[in-house]
Structures are given as structure tokens and as C-alpha cells.
């Protein structure tokens with residue numbers, strides 16, 4: 001794989017802006033804060049990165065999610081209409097995620113390695129609701145569509161870790177009046193999480209890398225355009241071209257477990273060589 005990207009040299013003023021942004025999202029390591037020549041990279045991952053780990057994608061060609069209509073199991077209206085059905089659906093997903101044969105693959109580990117080098121200069125955004133990035137070692141992940149192993153109070157919004165089944169009768173006792181707990185998932189018609197931080201990151205990015213995404217679902221499908229507007233070099237790593245592949249500067253196709261480690265390895269090698277030459 002030959003990476004066709006610009007040299008990893010950056011204007012000091014842009015890194016000052018990066019410093020302000022990073023301090024808003026994550027606690028910064030003082031040693032990392034002193035490193036001003038690392039590129040600022042935004043990575044977006046989708047279902048394609050977890051498919052090789054055994055995570056089934058929800059949406060089938062016929063528009064059904066595990067034999068259910070999307071409207072029935074992935075909308076606020078569906079939850080209000082039949083909370084038992086919705087809870088059963090996500091209970092099954094939760095149990096599947098915790099099966100012993102479900103594990104991070106080489107692509108997840110490669111991104112954890114990238115974070116280990118770039119530190120706060122990497123913002124990892126995922127559309128996935130699994131925890132495979134964290135299990136691979138990534139510590140700073142924005143789950144824009146929520147997390148399967150968490151639930152939240154429908155009254156206060158308090159988020160709780162949750163690994164077992166959840167019934168429609170389960171109540172959160174954080175409020176004056178116990179309220180139902182729902183999956184901590186962004187359903188259709190709801191606002192994705194962390195959007196202010198995401199758009200700020202896209203505005204500051206030197207590189208935007210999209211991995212395993214279809215380009216069908218907005219606002220994530222528009223991130224490549226947004227990052228382009230601010231001068232980022234854009235890269236698509238995917239099994240096949242996405243719906244927005246024409247907007248990317250650079251494209252590599254194949255299994256995520258192969259193309260992602262290869263790309264990141266050469267990316268870090270190239271950046272390391274350029275930094276030594278400064």
C-alpha cells in the first residue's frame with residue numbers, strides 16, 4: 001500500500017487551535033501537550049470494522065433489522081408503542097456482544113496503536129454501539145449512536161453501565177419518581193451524541209479517515225465534505241466504495257483487518273520520517 005498524503009508538517013497556529021479544542025473534550029497529558037508536530041487526525045468507523053469480529057449488521061437488504069421493522073425497534077415511537085419488544089431486541093444484541101467469540105480484530109488494535117502514538121491528536125468517532133474499540137485499548141471514543149452496554153433514565157438522562165437483560169418494568173431510582181430505563185442508543189429521529197465536539201474536531205483535522213462506513217446515514221455521511229471544507233486530507237478505507245467515495249482524496253479497499261493496519265503502519269512510518277527531517 002502506497003499512501004499518497006501530504007507531509008506531516010503543520011503551522012503552529014493550527015496546533016494552537018488544536019490545543020484549545022482538545023482541552024474541551026479530553027483531559028490532556030502534559031507530555032503530549034508539548035508535542036506540536038503530530039498531525040491532528042479524525043477517524044470515523046462504521047459497521048464494516050466490526051463485521052469481521054462477528055457483529056451482525058442490523059439492516060438487511062429488505063430493510064428489516066433482525067426480522068423487525070426499523071420503525072418498531074429503533075424509533076422513539078416504537079419504544080412508546082411496545083417497550084417490551086424494544087427491550088427484547090436490544091437484550092439479544094447485548095447478549096450477542098458478550099459472547100466469547102466476539103472480540104476486537106486487527107483493525108481495532110491498529111487504531112488503538114494509532115492513539116498510543118498520537119494521544120490527544122486523535123479523535124475516534126464510531127457509529128457502532130459495541131465496545132470493541134475500548135476492548136482493543138482505545139481510551140477516547142465518541143459513540144455518536146450510543147452504547148449497547150449502557151442504559152439511561154428516561155426522566156433524568158442519567159447513564160448507567162448495564163451488561164444484563166433490561167425489562168420494560170426496570171426503573172431508575174435516581175429521580176424523585178422512579179422512571180423507566182431505556183437503551184442508551186440513538187434511535188432514528190433523535191440527535192446523535194457529541195455533535196458539537198465532532199464538528200469542532202472536523203474543523204481542526206489535518207486528516208479525516210473513514211473506515212467501514214456505507215455513506216448512507218447522515219450526518220456521518222457528510223463528515224468527509226465537512227472536513228474537506230476545512231482543508232483536511234480525506235481517506236476511505238472500506239470493503240467496497242461507499243456512497244460518498246468520490247469525495248475522498250485517497251481510497252483503499254479490502255477487509256478492514258488488512259487495509260487498516262497496513263494504512264496506519266505506513267502512515268506512522270511516513271509521519272515519523274517527516275518529523276525527523278524537520
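Every residue number used here counts from 1 along the chain in the order it is shown.
Yeah, the Cβs are placed from backbone N, Cα and C, and that goes for glycine too.
Annotation source Swiss-Prot lists active site, proton acceptor at 145, citing sequence analysis. Here residue 145 (active site, proton acceptor) comes close to 126, 127, 128, 129, 185, 186, 192, 193: these same-chain residues lie at least six apart in sequence, with C-beta atoms under 8 angstroms from its C-beta.
The NAD(+) binding site annotation in Swiss-Prot covers 46-65, 127-130, 212-214, 238-240, 256. Secondary structure from DSSP puts residue 127 (NAD(+) binding site) in coil.
Under the heading substrate binding site, Swiss-Prot lists 90, 93. Residue 93 (substrate binding site) carries a helical DSSP state (H, G or I). Note on residue 93 (substrate binding site): other Cβ atoms within 10 Å of its Cβ, all shown chains, come to 20.
The annotation Zn(2+) binding site is assigned in Swiss-Prot to 153, 172 on the grounds of sequence analysis. Sequence-distant neighbours of residue 153 (Zn(2+) binding site) (same chain, 6+ residues apart, CB-CB distance under 8 A): 160, 172, 174, 175, 179, 180, 181.
The annotation domain 'Deacetylase sirtuin-type' is assigned in Swiss-Prot to 22-270. Confidence across the domain 'Deacetylase sirtuin-type' (22-270), taken as the mean pLDDT and rounded to a whole number, stands at 90.
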Between residue 54 (NAD(+) binding site) and residue 93 (substrate binding site), the C-alpha gap once rounded to whole angstrom: 12
Largest tally of Cβ atoms lying within 10 Å of a Cβ, found at which of the binding-site residues 172, 239: 172
Least buried by Cβ count (within 10 Å) of the binding-site residues 46, 54: 54
Where residue 212 (NAD(+) binding site) falls in three-state DSSP terms: coil
Under 8 Å by Cβ from residue 212 (NAD(+) binding site), same chain, sequence gap 6 or more: 45, 46, 47, 48, 49, 50, 51, 107, 237, 238, 239, 256
